[in-house]
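Asks: Sharing the features that TrEMBL gives for it:
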ACT_SITE  B:C76  active site, proton donor/acceptor
ACT_SITE  B:C187  active site, proton donor/acceptor
BINDING   B:D13, B:S14, B:Y45, B:G46, B:N77, B:T78, B:T188, B:H189  substrate binding site
2 protein chains.
Amino acid sequence: MQINPNNPIGVFDSGVGGLTVVRALMERLPFEHIEYFGDTARVPYGVKSVETIAHYTTQIAQFLLERQVKLLIIACNTMASVSAQVVRDLSPVPVLDVIEAGALAALAASQSRRIGVIGTPTTINSNAYARAIHEVEPDARVVSQACALFVPLVEEGWLDHPVTRLTAQEYLKPVLAERVDTLVLGCTHYPLLKPLLADVTGPQTTLVDSAEAMAERTAALLTDLNLHTPARAPADYHFHVTDVPLRFQTIGERFLGRSLNNVHVVKW
Amino acid sequence: MQINPNNPIGVFDSGVGGLTVVRALMERLPFEHIEYFGDTARVPYGVKSVETIAHYTTQIAQFLLERQVKLLIIACNTMASVSAQVVRDLSPVPVLDVIEAGALAALAASQSRRIGVIGTPTTINSNAYARAIHEVEPDARVVSQACALFVPLVEEGWLDHPVTRLTAQEYLKPVLAERVDTLVLGCTHYPLLKPLLADVTGPQTTLVDSAEAMAERTAALLTDLNLHTPARAPADYHFHVTDVPLRFQTIGERFLGRSLNNVHVVKW
């Protein structure tokens with residue numbers, strides 16, 4: 001199959017969190033068109049079963065493939081951790097996922113090979129980050145911690161709040177006790193907590209933002225496959241969501257870091 | 001339509017929270033059969049749009065009506081606040097909802113007619129509790145507060161945790177400043193936070209548990225309509241869910257207060 005470099009990049013997530021990946025892509029690759037899909041009616045995925053997540057993931061990937069994307073980016077850690085292979089099996093275009101991007105960035109950043117990973121319960125229980133890190137570096141020590149409350153705290157807007165700080169201290173205590181030198185923010189919501197988490201972990205720990213890691217991986221892949229768009233005009237961005245919930249615009253813009261236009265509702 | 005008193009009571013919720021209502025019903029009406037529906041694949045509803053909630057609610061009500069329930073109980077505050085009328089319009093059997101039950105119980109408990117209501121953002125923004133209270137008592141002062149983090153805190157099991165206490169203090173500060181004498185726990189998850197909330201509000205505030213209020217309303221309605229089951233054998237309980245997520249059994253049993261059997265998965 002011949003892939004057209006003018007085609008958009010497809011990015012998907014269970015909700016608005018993947019907009020942190022879109023934001024990083026807009027900054028790193030400003031001429032690339034992007035089609036985003038956020039399954040806002042069925043979010044969050046982090047508490048659903050593996051079968052249900054695989055079923056929803058397939059539906060979304062097919063939607064974006066019908067829109068002629070040149071590349072699929074799984075921006076949702078939960079989907080990447082339990083159903084990346086499902087997407088790779090069905091996709092005629094390349095597939096990147098945040099887990100792989102985050103794991104590789106962590107390995108590049110870590111000196112001590114002691115790496116912490118935080119994410120939703122489903123992501124952590126899937127053990128996908130540890131597997132991805134161990135594939136490259138079998139001797140690395142990976143300390144994982146589920147942080148179920150971070151997503152609701154971010155969505156409440158308590159980005160720098162005593163409750164969030166106390167919650168972070170509680171979750172990170174066992175991780176820091178293992179003297180990790182790198183901490184992977186294994187959920188697209190967590191970049192918004194970066195300043196607070198940096199405060200809690202201290203300067204001796206490098207935080208790996210998987211949105212930024214993904215933008216780097218995407219740029220490298222487009223170069224490898226000669227798929228950068230030749231266009232030098234402003235890019236088109238389209239945002240497909242399954243619901244427009246309360247405060248969607250506010251929360252979405254907080255993630256995207258700019259105004260959110262071209263929002264299309266898909267009813268399934 | 002002649003309703004058979006031997007038929008089960010249908011109870012539904014967006015997830016496991018409605019099991020607090022089932023628990024109150026089991027205690028108050030031990031011989032009544034119960035068919036429970038929890039939409040665990042699509043939970044939480046509190047962040048979805050009104051149209052989506054109405055669509056899901058209709059689907060669930062029809063499912064239970066096909067199972068010949070003699071009464072429908074909307075145990076989910078979010079569904080009750082935005083789509084109770086949708087259910088009443090389609091149901092040939094009586095419909096009770098937690099908002100009405102909670103509002104009536106609050107009016108019975110309050111001396112000062114200054115009533116606080118806490119719930120999910122969608123429930124609070126719908127203003128449904130204030131409307132239900134004002135219908136009976138137009139001069140009552142209703143102070144509402146959305147508490148988006150309480151559901152995730154309960155599901156994390158942090159029922160008596162410093163983070164939960166700090167969160168409760170933050171949310172309740174403006175409510176207590178209005179000197180309410182009664183506080184409606186307007187979400188089925190909140191009964192599990194009752195001891196902590198009672199501590200934060202102090203003894204001068206009566207907490208209204210909408211699960212208990214609903215069990216009382218149900219008993220009264222069955223008496224009024226002569227619909228109590230004549231059976232004196234152990235009742236049958238069936239639990240229909242759209243997904244069996246991680247930790248479902250643990251969390252479900254925490255809500256139900258006993259072991260959870262007869263769980264059936266419905267795939268939509």
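From the backbone N, Cα and C atoms, a Cβ is placed for every residue, glycine too.
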Asks: Around the substrate site recorded as B:D13, B:S14, B:Y45, B:G46, B:N77, B:T78, B:T188, B:H189, what other same-chain residues have a C-beta within 8 angstroms of the site's C-beta center?
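Replies: Checked against the 8 Å cutoff, the neighbours are B:G15, B:G17, B:G18, B:V43, B:P44, B:A75, B:C76, B:M79, B:T120, B:T123, B:V151, B:C187.
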Asks: Short of 8 angstroms on C-beta distance to chain A, which of the listed recorded positions (B:D13, B:S14, B:C76, B:T188) are there?
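Replies: Of B:D13, B:S14, B:C76, B:T188, none lie near chain A.
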Asks: Go through B:N77, B:T78, B:T188, our binding-site residues, and report the one whose Cβ sees the most other Cβ atoms within 10 Å.
Replies: B:N77
Asks: I'm trying to understand the geometry here, so how far is the Cα atom of B:N77 (substrate binding site) from the Cα atom of B:C187 (active site, proton donor/acceptor), in Å to the nearest whole number?
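Replies: Rounded to the nearest whole number, the Cα-Cα distance is 6 Å.
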Asks: Could you measure the widest C-alpha to C-alpha distance across B:D13, B:S14, B:Y45, B:G46, B:N77, B:T78, B:T188, B:H189, the residues recorded as binding substrate, and give it to a whole number of angstrom?
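Replies: Taking every pair of listed residues, the largest Cα separation comes to 13 Å.
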Asks: Taking the recorded positions one at a time (B:Y45, B:G46, B:C76, B:H189), which has its Cβ surrounded by the most other Cβ atoms within 10 Å?
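Replies: Within the set of recorded positions, the most crowded position is B:C76.
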